[in-house]
Every structure is written in C-alpha cells, then in structure tokens.
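According to TrEMBL:
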- H169, H190, H199: Cu cation A binding site (BINDING)
- 190-207: domain 'Tyrosinase copper-binding' (DOMAIN)
- H318, H322, H352: Cu cation B binding site (BINDING)
- 345-356: domain 'Tyrosinase copper-binding' (DOMAIN)
Amino acid sequence: MASLPLPSITTSPNPSHSTRRIFAKPSHFITHAKRSNRLRISCTAQNQNNNASHNAESSQGKVDRRNMLLGIGGLYGATNLISNHEASANPIQPPVLDKCGKKKLILVAPPISDKIIDYELPPVFGMKTRPSAHRVSPEYIFKYNMATDRMKRLPKDDPRNFMQQANIHCAYCNGAYDQPGQGTLDLQVHNSWLFFPFHRWYLYFYERILGKLIGDPTFALPFWNWDNPKGMTIPPMYMDSRSALYDPKRNKENFPPAVVDLGVTLNKDPLQVVSNNLTIMYSEMIRGNSSALDFMGKEYKEGSSVNPGAGAIERGAHTSVHRWVGDPNQPSGENLGNFYSAGRDPLFYCHHGNVDRMWTLWQYFLPSSKVPDKRITDPDFLNAAFLFYDENAQLVRVTVKDCLDNLRMGYDYERIDLPWLDYRPPPQTAGAKINRTRTNAPLAETIFPLKVDKIVRFRVPKTVKGKDRELLVLENITVDTTKFLKVDVFVNDEDDNVTELDKAAYAGTYAHVPHKTSTTNRMATTSIQLKLIELYDDMDIAADDDDEIVVTLVPRHQGEGMTIGGIKIIKDPSPPPPASAT
C-alpha cells in the first residue's frame with residue numbers, strides 16, 4: 001500500500017503556534033434564509049471471548065487485567081483519598097479495576113500486559129494532515145476502508161480490535177466504574193473539562209492503530225466538517241453498505257441528501273437548516289462564551305459529582321449530530337445516538353475529528369477579544385490522566401497537559417472555509433423591546449422550579465438598566481440521563497416560529513447524549529451560563545427602561561425528563577477584553 005497517494009502533508013520539524021497557518025478566507029455564498037425504553041446495555045460484543053482473565057502489575061500494585069483494556073484511567077500516586085462527595089482539589093483518580101459489581105457493565109477480558117508505560121509523544125518530523133471527509137480521494141477511501149476492515153478482523157481479545165476500541169467509550173461514559181474512595185460516585189469524562197482532552201487522546205491512538213495495520217504511519221483520520229454547508233451531509237464513503245465504514249444502525253431518514261440539523265429543530269427547509277447551523281456555530285464558538293470553561297466545560301475533580309456542566313460545543317452541535325445519526329428505531333438510539341454504542345459506528349471517529357478541530361480553532365484562530373484568556377492552568381485539569389492501548393498494544397498512561405497542542409501530537413487539519421466565522425445574526429431592533437402586554441409573561445421567580453415539557457415565556461430582572469456585561473444562568477438543570485433532552489433559549493423573541501434560529505434572539509442551548517449510570521438514580525444536575533453582551537448589541541437592549549428581559553424556553557424533546565430549578569442574570573465576573581483587542 002506504500003504506493004497509494006497520501007493526503008497532502010505539511011512538514012514542520014519543530015511545530016509551534018507561530019507557524020500555524022490561518023484558515024482560508026470564509027465563504028460568503030450562504031445568505032440568511034427566510035425569516036424510551038429503559039436503557040439496558042453491555043459494552044460486550046456478541047460472542048466475545050471471556051476466557052483470558054489475567055492480572056498484571058502497575059505502579060499501584062496488582063490490578064484486575066479484565067478491564068485495563070477499556071482505557072479506564074487517571075492520575076496515579078495520590079496519597080490521600082477521601083470519601084465525601086465534595087471536590088477535594090485533586091485530579092480525578094483511576095478506578096479500582098478489579099471491582100465490577102452486579103450494577104456495573106459486563107466488560108471484556110483483555111490480553112496480558114505486565115506494565116503501564118508513561119507515554120511520551122514521539123518527535124514530529126512530518127506533520128499529518130487530517131482531511132475533510134467530503135474531499136478525500138478514492139485512494140484515501142481504499143486505504144481507510146482497508147485499515148478499518150483489518151481492525152475489525154483482529155482477534156477479539158486484542159485491545160486494538162474495533163469492538164475493543166468502541167468499548168473504551170462505553171466504559172468511560174456509562175458508569176462502568178466508581179471514583180476510588182468516593183463511594184458509588186461514577187467516573188465520567190463527558191459534561192466537564194475532560195471532554196475535549198479525553199476524545200483527543202482517544203482519536204490519537206485510534207488513528208495510530210489504523211496506520212500500523214496498513215503499514216502507513218502517515219495515515220490521518222478524516223473529519224466530518226458539518227460546520228460548512230458543503231459538508232452538512234453524511235460523508236459518502238460511510239454510505240457504502242459493502243464497506244467496513246458502514247453501520248446499519250443509523251437514521252435512514254437522514255441519509256444524503258438530508259442536511260444535518262445541528263439544532264434538532266426538525267425544520268424541513270434545507271436552506272433554513274443551513275442558516276440555523278451557521279448561526280449555531282457562531283453562537284457556540286464565538287458569541288456565547290465568556291470564559292474558557294464556558295467552551296471547555298466546568299471543573300471536574302476528585303470527589304466531584306458527574307456532569308458538572310458541558311461546554312458550548314459538547315452540549316450543542318456535538319450532541320445534535322449524535323442524535324441526528326442514531327437510529328430512532330433502536331431501543332436506545334443505537335449506535336451513534338447513545339454513549340455506550342457510539343464508538344461502534346465508524347462515523348463516530350469522523351464526527352469527533354471535527355469536534356477536536358473545533359477545539360483547535362477555538363484555541364488558536366478565533367478572536368481573542370471574545371475570550372481574552374483561553375487557557376486552563378488549574379493543575380487538577382493539566383494532571384488528569386487516562387489509560388489507552390497504543391498501536392503496539394502497550395498499555396500507556398497519558399495526561400491532559402500533553403495533548404493541549406495538536407501540532408506537538410503530530411497532526412493538523414486541512415484548511416476549510418469557515419462561513420460561520422462572520423455569521424453574526426442580523427440586528428433585531430424591531431420588536432426587540434419587551435411587549436409585556438403581548439407576552440403576558442410572569443416573573444421567573446413565580447414559576448420555578450419548572451418542568452421543561454412545553455414552550456414557556458417569563459420575565460427575568462437584569463442586574464442594571466440598559467446594556468451591561470451580563471450572563472444568563474440556568475440553575476439546577478436536573479435531567480434523566482437515559483433520555484435525549486434539549487432546550488433552546490431565546491431572549492425578547494416575539495417570533496412564534498421556533499424552528500428558525502438565525503436571529504439575534506437566539507441565546508444558546510442545553511442538551512445531552514443519553515447514557516447509563518451505575519446506580520439506580522438516573523438523574524443528574526448541572527447548570528449553564530450564556531453570555532449576553534453581544535445579544536444586547538444585536539437587539540438594541542441599551543435604553544434606560546430595559547430593566548428586565550423576556551426569556552423563552554423551547555424544548556426539542558418529547559415528554560418529561562428535565563426540570564430547571566431557577567434562572568437569573570448575573571454580572572459577568574470575567575475580566576473585560578482589552579479595549580484595543582480585535
């Protein structure tokens with residue numbers, strides 16, 4: 001296969017941020033369009049071999065090797081473990097791997113491994129370029145299909161086997177293990193600041209395994225650029241039923257030429273869906289974030305409860321794509337529509353390639369005037385760690401701090417237009433003032449806690465009259481984790497067409513992918529905050545008489561499962577950007 005042409009490659013023996021190329025000029029060809037069943041799962045594939053249970057020694061001593069395969073991990077060497085559920089200012093610790101009780105998922109026995117290696121990133125002599133999935137050549141598709149087919153044909157107890165790789169996501173995301181010393185508190189890598197780092201490492205090793213299987217260390221995974229109108233359909237190479245990249249458990253109603261609906265609005269006008277999508281991307285990447293945690297996700301430390309809070313992309317476009325692809329005729333939305341099964345669809349890795357690309361764009365290419373400091377310097381973030389098997393089937397330990405720079409990891413992304421970069425909603429001055437007579441909206445404090453099962457409007461007092469740097473906070477969002485749940489937030493919106501998001505009134509969203517917990521309690525509680533200053537500008541909320549706003553909540557799910565404890569406006573505590581920032 002060495003004679004097959006490769007995707008274009010840029011080389012940089014000493015990659016640094018100063019050598020990063022700016023993305024292609026954004027395209028302007030898109031204009032604004034006209035204005036349950038209970039989850040029962042197992043990470044185990046059918047007919048999986050369960051005869052190879054062994055013990056191996058790590059730096060912690062002997063652990064059950066059954067579960068090392070699944071990539072469960074964290075920072076080793078903590079000396080004091082506490083049992084209360086308050087965050088204890090330490091990184092998330094690794095699970096006790098030999099404890100998998102009746103309430104835990106059934107996991108698979110791995111091969112023998114006698115040590116855990118602290119992984120060191122190899123020197124980068126040639127930069128791999130991950131290509132857009134809609135722009136790859138037939139030669140690339142042939143190589144990618146062959147690599148995936150070989151991964152699926154590996155022995156079932158090989159940690160590099162396709163199902164074993166899929167099980168990594170299942171185990172980290174569905175309550176397979178407890179946090180050590182924290183009772184029955186689950187270990188979870190979603191809905192927190194661990195989301196982006198975990199998935200970056202996950203794809204890194206998956207990509208290296210594929211390259212190893214075809215003898216091509218330069219092989220790079222594709223990304224599904226659903227943020228660009230030219231990429232807003234399922235990439236063609238995943239639609240060939242004869243291919244190893246195909247998965248039958250997808251929503252057939254959404255096969256091409258259907259346009260991916262990043263808002264789950266169910267709008268059937270393709271042009272309107274594209275305009276909605278670009279508005280969503282602008283909101284989640286630029287408009288709605290006040291701090292690094294707003295984008296990355298909230299703090300998650302030893303003793304923290306699961307689901308402290310997802311960042312903008314995770315709870316937005318990322319979740320919507322999972323929902324849109326998963327098969328609604330399956331009991332739990334398999335495959336992509338549920339955490340436990342998502343990794344069984346090869347499209348998962350292409351989808352998360354674009355999620356990782358969004359992190360890269362946010363880190364290095366978006367205006368610093370929006371969020372002046374995009375770094376998280378907390379040691380409990382930087383020192384959090386995971387376990388994976390590398391391309392040589394060696395068990396390795398990796399840390400968050402070693403994955404902050406994708407160039408240092410040896411890969412970059414093909415440059416694609418970013419039409420959402422300047423897709424700020426048009427000014428909405430007409431009707432932006434509160435029409436209290438028409439809305440007849442009650443004060444928020446009179447209706448919360450609130451079950452989110454229908455559209456509701458209410459008034460929320462501002463901290464000051466006129467325009468100020470403020471945040472809209474949705475507190476104590478309690479959700480049934482086994483259901484898909486999503487609610488959109490609008491401010492001073494008097495338009496009854498809730499399937500159109502390309503307007504200044506759209507403030508943001510909360511959503512999550514269904515998943516299982518290890519306990520009988522399926523409920524989780526979180527909160528989100530949405531930056532309002534740019535929305536105020538777009539809606540001319542600056543007059544002295546603007547002392548409150550009208551908020552509209554629009555659920556995109558059916559039935560019950562979500563309750564919001566309260567809603568309020570607070571002053572933005574983050575430092576304002578420098579006056580000269582651009």
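Heads up, the Cβ atoms here are built off N, Cα and C, so glycines get one too.
Counting only the Cα atoms, the space from H199 (Cu cation A binding site) to H352 (Cu cation B binding site) is about 7 angstrom. On a Cα basis, H169 (Cu cation A binding site) lies 12 Å away from H352 (Cu cation B binding site). In the predicted model, the domain 'Tyrosinase copper-binding' (345-356) shows an average pLDDT of 98. Each residue in Y172, C173, V189, F195, F198, Y202, F339, A342, H352 lies on the same chain as H169, H190, H199 and has a C-beta within 8 Å of the C-beta centroid of that Cu cation A site, without being one of the site residues. The Cβ of H318 (Cu cation B binding site) lies under 8 Å from the Cβ of H351, V355, each of which sits 6+ residues away along the same chain. Sequence-distant neighbours of H322 (Cu cation B binding site) (same chain, 6+ apart, CB under 8 A from its CB) are L336, G337, A342, H351, V513. Excluding H318, H322, H352, which define the Cu cation B site, the same chain contributes E314, T319, V321, A342, F348, H351, V355, V513 within 8 Å (Cβ to the Cβ centroid), listed in sequence order.
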